[in-house]
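In Swiss-Prot this protein carries:
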{"type": "SIGNAL", "residues": "1-25", "note": "signal peptide"}
{"type": "BINDING", "residues": "62, 63, 98, 327, 328", "note": "Ca(2+) binding site"}
{"type": "MOD_RES", "residues": "98", "note": "3-oxoalanine (Cys)"}
{"type": "ACT_SITE", "residues": "98", "note": "active site, nucleophile"}
{"type": "CARBOHYD", "residues": "122", "note": "N-linked glycosylation site"}
{"type": "CARBOHYD", "residues": "159", "note": "N-linked glycosylation site"}
{"type": "CARBOHYD", "residues": "181", "note": "N-linked glycosylation site"}
{"type": "CARBOHYD", "residues": "251", "note": "N-linked glycosylation site"}
{"type": "CARBOHYD", "residues": "447", "note": "N-linked glycosylation site"}
{"type": "COMPBIAS", "residues": "466-479", "note": "compositional bias 'Low complexity'"}
{"type": "REGION", "residues": "466-504", "note": "region 'Disordered'"}
{"type": "COMPBIAS", "residues": "483-502", "note": "compositional bias 'Acidic residues'"}
{"type": "CARBOHYD", "residues": "683", "note": "N-linked glycosylation site"}
{"type": "CARBOHYD", "residues": "713", "note": "N-linked glycosylation site"}
{"type": "CARBOHYD", "residues": "743", "note": "N-linked glycosylation site"}
{"type": "REGION", "residues": "781-812", "note": "region 'Disordered'"}
{"type": "COMPBIAS", "residues": "795-804", "note": "compositional bias 'Basic and acidic residues'"}
{"type": "CARBOHYD", "residues": "817", "note": "N-linked glycosylation site"}
{"type": "COMPBIAS", "residues": "876-895", "note": "compositional bias 'Basic and acidic residues'"}
{"type": "REGION", "residues": "876-901", "note": "region 'Disordered'"}
{"type": "CARBOHYD", "residues": "945", "note": "N-linked glycosylation site"}
{"type": "CARBOHYD", "residues": "955", "note": "N-linked glycosylation site"}
{"type": "CARBOHYD", "residues": "974", "note": "N-linked glycosylation site"}
{"type": "REGION", "residues": "1073-1114", "note": "region 'Disordered'"}
{"type": "COMPBIAS", "residues": "1095-1114", "note": "compositional bias 'Polar residues'"}
């Protein structure tokens, strides 16, 4: 028994052990299976993950329309994307303006949520960078494991100083669209391009960089998904096409829609009421602009095919979503508007939208609404990332991949269209101003406290200086595109973006006006301040004054060196104050300094005449009296320098000359009156003044004549000659009444400064009086000719005789040698040591001076001067020359800008209008063929009161546009019966209809996130009638279709054809669909036409009214 019991125990233990082992092995297997499944689920590099997360490519154009038929001239794109994928017939932008629309595309938010109102207001601002830019679809997909790349235009005010978050490969265009002469930020390095098609044509470079990004991404990690954005500048201005396409698409008139040149429009907003019909030159311009736009799109068409072929070669075509769309539409002549965007009509808000990818049925047509705010949620859905709550859009993948009818039935049928510009009320404007003033006051207080800490603590000072030095280094190493505009060929005046500026309301204008009042910058550093403000990512140092900022920035040793290639700024210390200069003017400054004439009196010289007279030329002191303080014009084409002479004692004759100078000025003012008002005694008065001046001048010349004779008698010792005369009258010379000789003080001969001062005084007065004599003679001549009866020949001869006596002493040579009063000559000095230099005097431009100079050359022998070696110019003179060279460069730049300003003002003189945005066009706007050879013109295409909010609804029963303007105007367009929106039917709305649409619009204007999606049937009018008739040109949702070749599609550039939605009809009355006739390729054989009756109850009594609007209702 014991043996059996023990045996049973052993067997039971074995069984229990086997059972435990079995359970344990199962548990291990289940855990290993879970781990492998989890690894497959979350591994980014697994095959299953690769299948779930496809590649995403967005191809974005700029200003491409649908209503004008531009997409029909891109056969490659239509064949690869439309025929190979799906087409959304109702794709719209929520704001028809570049920067707001692109900001909505990146963030999936309406304008009233991301706060980018215009192309200038908050576009790529620090606020945008800190809040919304960090939440773009690129950041979410990059964090989810996608390799992201962006190439092309980004935002209009992107300055290239940073790389937006979320993009691993970055090639963003700096500022607005261009095809040549642009700069890009390529992975943090700024690259400037020129005007060479082979190297610089931007659409081709975008395609090349994108293809290189795809190749490198798959070579590095073939299983990692890719997000690529290709943002082309076409067909935005300046519409520079590739040379091989410049001969295509002439005489294309697809933009001549029924609303083309439909002007004026008294039932629409103010800008359309005042717009007159286009002139013939305007129509020619729209035709040529349409041609150039189509030509630029050919490069995009080729790029789409290149990317398609590259994906095919890489084996990624079936695993890649390719989305093709535009930021907004465009108009050319519609309602008399020559060109532009920013209107809520179909031609500005409707955009092309094509998509192909895994799971998308080929040649599929989708009639549900898709918006630009839906792109970001769609991309996140493609990548398996849940849509954030702040995004206003929704993913469109269910429309493409799901066959559930409930998805289409619940899809939103209404959306919001917002114009660019703020919409604050008067109370909000006042609140914004008060808040801005408080912020400025707080900033000043913070700066004052920071300054105290800056002065007290040395450590903090070092920190501030080091951070500012880093900022200065970054600024000196970067070159901003807008500041280099003077050296570039300006090919785009950006008048297309003027639309956004006009939509700004009074609040933004008031804030800008306040900012202008506070911007008090000095002229020399204005461009520096602009660049400092544009670099948004640099640390903001709260400097109190500009001098503090310059002291901090110029502490960087890199800015103290001479200008090197690629260096932009250079710091120069001028008299203890730092100044920043642009290096691009450095070479010009050197050339100016090399070409400037040098002064002659820079060396000490001894001069000898053939008569044995010896005199010296002594260098003037560095702070001498030769500095130019004022420039006066003395006639056309001639300048003279007027020196200030500070003296304490003047001779009596000089004081008399100063009094005479005032008398002459009074006579000049007196003769400015008309000749008939001058009295007959004016001639006699002028003659008396001339005689008085000449007598005083003779005394002065007599003094210097005696001085010259005295100098020749004592040439052996020039400092002993003053000892023969007694000192009298202070530091000056005087005429002895008894001997009629000139006596001078010894100080004049011993002190060089006193001698030079005395000489300069007399020299100045002599030249001044000679000028006055010339003017008085001209005045006298005019009076003598005008008064033929008064002046006798004797007085004229007497005046001539007196003039001859004052100039020449009959046969005795000149009384007075002008070589003592020689001014600085413009002849450059020579650097050869010991070279003979000849100094010659010159007088004024009057007849007296020219006669004296002629006589001086005739009777005075030429002197030879020997000068000491050149030791180089002193510091003061070199600074003066550099200052003069900079002044000349500045004047040259100012003249260049002034010429441009005058030319622009001349072109825009007739089209400028208050609170309107206008542009001018001439033959200088386009630089590539085909050129504009017609006459220039101006046109105003938008106004700042064109600010609106619109409700757009498209469903099975209704197709309308309801708008409310800030001016109080209400417009309503029924596109079911008026597809081109030519008639405003707001007067025909009932109060209930208007109230319902107003409430729906208010709901959308303040919506956020999910509340921005209004479900279908929720927006139907009160007492909703269910009319079976769809909007015109409606297509069945799930209908597959083929398209004819391009030649057949050009004529029918809009919808394929009218269809009827038969889902609302009973099955017995539905039309039967026929198969597509592949032999004929006809687009009209989708349905077999069968007449059917429509009961009166099936028609909508509200929106099918065709009565016209009376003038009173309009």
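Start at 1 and count along the chain as shown; that gives each residue its number.
The backbone N, Cα and C atoms fix where each Cβ goes, glycine too.
Neighbour density for residue 251 (N-linked glycosylation site): within 10 A of its CB lie 7 other CB atoms from the protein chains shown. Distance from the CA of residue 122 (N-linked glycosylation site) to the CA of residue 328 (Ca(2+) binding site) is 19 Å. Ranked by Cα separation from residue 251 (N-linked glycosylation site), the binding-site residues 62, 63, 98, 327 are led by 63. With a 10 A radius on its CB, residue 945 (N-linked glycosylation site) counts 19 other CB atoms from all the protein chains. In the three-state DSSP classification, residue 974 (N-linked glycosylation site) falls within a strand. Residues 61, 64, 97, 101, 102, 236, 326, 330, 341 surround the recorded Ca(2+) site, their Cβ atoms falling within 8 Å of the Cβ centroid of 62, 63, 98, 327, 328, which are themselves excluded. According to DSSP, residue 328 (Ca(2+) binding site) sits in a coil region rather than a helix or strand.
When Cα-Cα distances from residue 159 (N-linked glycosylation site) are compared across the binding-site residues 62, 63, 98, 327, the shortest belongs to 98.
Of the candidate binding-site residues, 63, 98, 327, the one lying closest to residue 945 (N-linked glycosylation site) when CA atoms are compared is 98. Secondary structure at residue 98 (Ca(2+) binding site), as computed by DSSP, is helix. With residue 181 (N-linked glycosylation site) as the anchor, the candidate binding-site residues are 62, 63, 98, and the one with the nearest CA is 62. Each residue contributes its Cα atom, and for residue 327 (Ca(2+) binding site) and residue 122 (N-linked glycosylation site) those atoms are 18 Å apart.
The Cβ of residue 122 (N-linked glycosylation site) lies under 8 Å from the Cβ of 115, 116, 128, each on the same chain and at least six residues away in sequence. Here the CA atom of residue 63 (Ca(2+) binding site) lies 25 Å from the CA atom of residue 974 (N-linked glycosylation site).
Here the Cβ of residue 159 (N-linked glycosylation site) has 21 other Cβ atoms within 10 Å, regardless of which shown protein chain they belong to. Taking a C-beta cut-off of under 8 angstroms and a sequence separation of 6 or more, residue 62 (Ca(2+) binding site) has the following same-chain neighbours: 98, 153, 177, 231, 232, 233, 234, 235, 236, 326, 327.
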